[in-house]
Amino acid sequence: MGNTSSMLTQYDIEDVENHCSQRFTQREIVSLYQRFCALDRSGKGYISGDEFMSVPEFAVNPLSQRLLGILEGLNFKEFVAVLSAFSPLATINDKLDFIFRVYDIRNNGKVSSEDMIRVLRDLSGDFLTDKQRQAVVTQALEESGYSKDYSLTPEDFLKVLSNGGLKMDVEVPID
Amino acid sequence: MKKVHYMDDEVIGSESPQGRDASLFKPSKSEINLYQRHVEDILSDSAYKPDGEKISLRNLLDISPTLSEAASAIIDDSFTRCFKSNQTEPWNWNIYLFPLWCLGVIVRYGILFPIRLVLLTLGWIIFLGLFLPVHFGIKNHEEVRKTIERGLVEFICSVFVASWTGVVRYHGPRPSRRAKQIFVANHTSMIDFIILEQMTAFAVIMQKHPGWVGLLQTTVLESLGCIWFDRTESKDRSIVAQKLKRHVECEDSNPLLIFPEGTCVNNEYTVMFKKGAFELDCTVCPIAIKYNKIFVDAFWNSKKQSFTMHLIGLMTSWAVVCDVWYLEPQTLKLGETPIEFAERVREMIANRAGIKKVPWDGYLKYYRPSIKLTEKKQQKFADALVSRLGDSVDWR
């Protein structure tokens, strides 16, 4: 998959399709590639943080910095694999894995109350005090029967979030 | 480390004694507010949906709406679409058409381009040969000098248009010269200016460019009464605003042409119009320009190409086809704000040219959106949480 050419071969498309476990169709992959090339203005083969931030709708999102940590510097194949969590064909597990990844910034397989407070901070900015954030997290944990110092595992995530209602499907426009 | 510029860096505290003058081209507070409202319309609420009295872990952990907004923006967003040049489907893909296409390339690059280049050079020689003596020679008869200069500028613009075989259809009554009147048009490339200029010698307000274009700007075009600004130079703004006011008040000056989008857009969309042009207490005459992409895409992506390369691209294509509509002059209605006036005119132009409107400010090409927009979302989220916490939590 040449970094500078804007052409994908059928082989490339199938390779990417397999890598994202068929969560995107081939047409969607072609469309995503056009988008990737449009964002990667200098043709380096990956999208830099700056280039992501040049999309105004992305830049105003409170979680943009966290997502940059996950998305920047990825080549096209990895980019599609990461975004495949948002495909309507993705399983609940795919989506939960993604959400877990956003929370688990230290990548240690567990989401502590500290991690939750940090995400809450991104979402609420300076409009909540540290005390309020701590109170929110503590109340939420205790209300679900966990202690306030408990660190959530992926299995806990599955238990808490699996009964439907996750709105995490994004449509890829196909011209 | 590269400094990141935000949209409202200088708004706070930049209010000069004259108020509006200083913020003529930087988005002002009211523009940002309008912009915020628009942005919120299209961005759905990162909804924190309460589902009971207390805050459950489920609600807290479910950040999927916010994540989906971000993913949606990455996959497709309306701002980037404004600056995308659509790849045309290749039509030369089979054994009959390919040789034909090759022949076409030979004709365009080998025959047409040299002829056009010669034509352009000749035109420039004639133009400079007449313009320079007239400009520096005729000292006493201002009226005559100006008339000749206007005619010459119209001439050289016609030469330019001919050099890319411009097929331009003009619709509507030609612009007349009157005081307190300005013209606004949608912007796709610098050639918009040339196409309009060959009909009427406008004075234009434009971003100052480097290189040979800049040289032209400061010499020839200055004689028309053109005004230059530097997007990056903040002190420049109030001077420019004053020049504008003086220009429109003077009966003699050439009609003023402004491109309120502030940047080149791909002729499929329009970005928001800056209100500066609509606050001058003048009649606004809208002009709509639509290019037909049949032979070439006239969109100039200034980040991807220099103007020279853009011109060469035009000169090596068969023709540039476009329509220009001079629309009915508009004035500020009773009770209408300048921003609403700008939007109304933008609607007229977009409808006539058959292009879509997006609620983004064109300057987002160069600056990041204001942090206040993120803060607004954060505040909404925080307020929802606090109202749920109420007195069920011990703050101490």
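Glycine too: its Cβ is placed from the backbone N, Cα and C atoms.
Note that TrEMBL annotation is computational and uncurated.
Residues annotated as region 'Disordered' in TrEMBL: B:1-21.
According to TrEMBL, the feature transmembrane segment maps to B:93-111 (among others).
The transmembrane segment annotation in TrEMBL covers B:118-138 (among others).
Residues 112, 116-117, 119-120, 123-124, 126-127, 130-131, 134, 191, 194-195, 197-201, 220-221, 224, 254, 311, 314-315, 317-324, 326 of the same chain lie 6+ residues outside the transmembrane segment (B:150-170) yet bring a C-beta within less than 8 angstroms of a C-beta in it. The transmembrane segment annotation in TrEMBL covers B:150-170 (among others).
Among the features that TrEMBL reports, domain 'Phospholipid/glycerol acyltransferase' is placed at B:181-292.
For the domain 'Phospholipid/glycerol acyltransferase' (B:181-292), the DSSP-based tally of helix, strand and coil residues reads 39 helix, 30 strand, 43 coil. When pLDDT values are averaged over the domain 'Phospholipid/glycerol acyltransferase' (B:181-292), the model yields 84.
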